[in-house]
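Taken from TrEMBL as is:
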TRANSMEM  C:6-26  transmembrane segment
TRANSMEM  C:38-55  transmembrane segment
TRANSMEM  C:61-83  transmembrane segment
TRANSMEM  C:95-117  transmembrane segment
TRANSMEM  C:137-158  transmembrane segment
TRANSMEM  C:165-184  transmembrane segment
TRANSMEM  C:190-212  transmembrane segment
TRANSMEM  C:224-246  transmembrane segment
TRANSMEM  C:252-276  transmembrane segment
Amino acid sequence: MTPGDPILFVNNVTKRFGGLVAVNNVSFEVREHEVMGLIGPNGSGKSTTMNMISGALKATSGSITLKGHDLTRAKTFENARFGVSRTFQLVRILPELSVLENVIAGAVFGHKRRWGAEAEAFAAGLLERVGLAERITAPVGSLTYIDQKRLELARALAGEPSVLLLDEWLAGLNPSELKVGIDLVASLRQEGRTIILVEHVMDAIRSLCDRCLVINSGTKIAEGTPDAVLSDPDVIRAYLGEG
Amino acid sequence: MMPASLRPLLVAGGLLGLAGFVPLVADGYWLSIAVTILMYVALSTSWALFSGPTHYIALSTGAFFGIGGYLVGLGMSDYDQSFWAMAAIAPFVATGLAALIGWATLRLSGVYFVIFTLGLAEMIRNLISWIQNNFLGSRGLYVLTDLDERHIYWMLLAITAGVFLFGWRLGRSRLGFALRILGNDEEVARHVGINTARTKILMFMTTGFVAALVGAVVAPRYYYIEPNVVFSPELSFIVVIMALLGGTRRLYGPLLGVIPFTLLWEVISVSFPNATTMVLGLTFLLIVYGIPNGITGLLSGFAARRSA
Amino acid sequence: MDILISGLLLGGTYALIAMGLTLQYGVARIMNLANGEVLVIGALTAFLVYTSLAVSPLVTVLVIAPLAFAASWLVYRILLLPLVRRAKNQGQLEVDSILATFGMGFFLVGGMVFIYPELFAYSYLAVPVDLAGTTVAANRLVAFGGAVLIGLALYLWLNRTRAGLAVRAVAVSPLAAGLVGINVEKTSALAFAIGGMITAMGGVLISTFITLDPSFGVIFTMKALIIVIMGGVGDIRGAIVAALILGVVETAVATLIDPGLTLAAAYTIFLLVLLFRPEGLFGRRPA
């Protein structure tokens, strides 16, 4: 789907931890139906940026808005209700809930809300969507790593978010799983979802992203199509060092 | 989440009906044991509704229970209020206090909450003793009513039924689901849109409400209310032990802990009064090292093994 | 002025207990709610050997140190380490250690009730000493001196020795400490044992000027916890300042209003800390 109008605005956002500036005056926009990659070397501020959008961290200055809702000072749960959903860098499954309940958890309290039989049916549909239809009655503890990642994705989709944050969702998958994972994200893109993904897998970035933002040491150093930014001398220098 | 099945409700209703006849067949000693058991069932079941799913160990039961009993005594002795009026007011005072405590501590990590509730009964007792000695005059507070053990039993039975009904409804509600999610992972709970602080505070308020109501209703048992008696830190621990002994994953779990422990406690208090504290300690250790999921956990373990 | 001096003297002993607890919670990650009982055991031992054998508490404090160290070490290895190993996350360890140490605390109280079920106190160095125009009992002064010495020794040990460095590293991050070759389980056991040792020594010192009974432990646990939180978990310097503040405030409340309100005063401080500085006096606000 072709990207529409911008819905997420990140304006001059800075995050300080004590004396350390983790994110320095970063601005960008994300358009509806767009898949945007957020890339950069380790420790560059990608996850901090994601955490500020999801509300897990509060920006020191600047502002973040989504479809007119101010996310900057809102509580994490409010950001979820405004339409932000996410997966976590280290996968977080709810161990004492069933597979189906894990997905329903995302559908009850967030952006679009469902409950009862409607929520169950919707969650079952999402499990099928991410390829877990056969695991619906499996104990949560028996899920493989990629299945846990799928389950987390289904939970994130269950609130029908306006913007979906995938924080290294493909990390840790083996080559055959990686292909399955990339295809799954690609199919979400086909559906017209708005996604920000933090990723180190370059193949995934090239094939999935409409646009990329590169940050290094907390500062935005490039923005554009994947091919353009990945051949940008500043970006290459950031990844390979000053040498 | 499950399709609402009426069978457990029918079973519970049947048991409730049977329990209602107890005062007609038991008297004296056994009736008083039955009253004690019901009191602990109500307290530990409502405790488990909050502390079970969230894993926040509330040690405030003694404080809220004491507020219930003390307010009944104070209102009847010093302000000429009826037992019923005070029994109706006290739970709301406790609920308000629970809201304040919850607001101050439940937004932070669980440890702060445990510590705050740990000394709460003792602190309130000190405060009340001081107020009473300096401002109210140290007159005794009497709770003189026409209520005998049978009436107290029936009132407690009604409260217990209410707690079970509430717990059953909670298990099928959004609030109950939110509690389970935040007990599993608070970070995830916030990210799926749950107002975690509000959820925890609301549930903590309901346990405060029930504990104060129970404290108020059993006040006529004491006749003479003294802060040193009604604000018992020990009560908080006994309630925790009973609930954990039974297991908190099932609504009826605490019930299975209350009955054996009350009987054991009765025997020990009578025969070896010096050993009560040690028994309390050993039971805590038994639970942590032997049956972390309580008696219900053991039972479902057996059931799973037999069917496997 | 009287209040300030007596308060600081009391606070010195509180600081010792809180240091013991902060080592156990900050390093070994065990929220030890039996801390106060260990203190009462120290005090009871001092009382018993003083009244029956006429042994000075200053001797007892040296004898009890290795015993408390060994006992705490064994408790950690045998009872607490299995909980650390089975815990899937910090939250579960917290719940388990809270319940287990409650059990141990009650067990210890129960044991002490068998030995001596009443209030106990003895008269040791109860002679008035003039200190900057204030009259204080010599025993309080001696206890404070003992607390300062122990605190100083702990400080030097933490900052000047390899083992101390390992303890501080585990306090910052058990994971990272393990990666640089520190034996985290051993170091945690060591910190827990030293914490127990310091607490028992504090109990001996405090027994020279305070009347106790076997069930008083929980009050000290409570106060130690409030101090640790006020000072910031794992922050020794914060714990000392917080302990002195609590000592002075309690003494002021006891002298000016009512001795029965010291716990209420401690709670008021606790509440203020929770509302305004939950990260501790010197802690940085978590980002």
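For all residues, glycine too, the Cβ spot is worked out from N, Cα and C.
In TrEMBL, annotation is done automatically, which means it is predicted and not curated.
It should be emphasised that the depicted structure is a prediction, and the values quoted were computed from it without experimental measurement.
Only residues 6 or more beyond the boundaries of the transmembrane segment (C:137-158), in the same chain, are considered here, and those with a CB under 8 A from a CB of the stretch are 6, 8-10, 12-13, 15-16, 19, 58, 61, 124-129, 131, 164-165, 167-168, 194, 198, 201-202, 205-206, 208-209, 236, 240. Within the same chain, the transmembrane segment (C:224-246) packs against the transmembrane segment (C:6-26): three or more Cβ pairs sit under 8 Å, each pair at least 6 residues apart. Most Cβ pairs under 8 A with the transmembrane segment (C:6-26) among the ranges C:95-117, C:190-212, C:252-276 are made by C:190-212. Remote same-chain partners of the transmembrane segment (C:190-212), defined as residues 6 or more beyond its termini with a Cβ less than 8 Å from a stretch Cβ, comprise 13, 16-17, 19-24, 27-28, 30, 32, 35, 38-47, 57, 60-61, 64-73, 75-76, 80, 119-122, 124-125, 137, 139-140, 142-143, 146-147, 150, 154, 163, 167, 170-171. Below 8 angstroms of C-beta separation, residues 29-38, 40-41, 44, 47-48, 75, 79-80, 83, 86-87, 213-215, 217-218, 221 of the same chain, each at least six residues beyond the ends of the transmembrane segment (C:95-117), sit close to that stretch.
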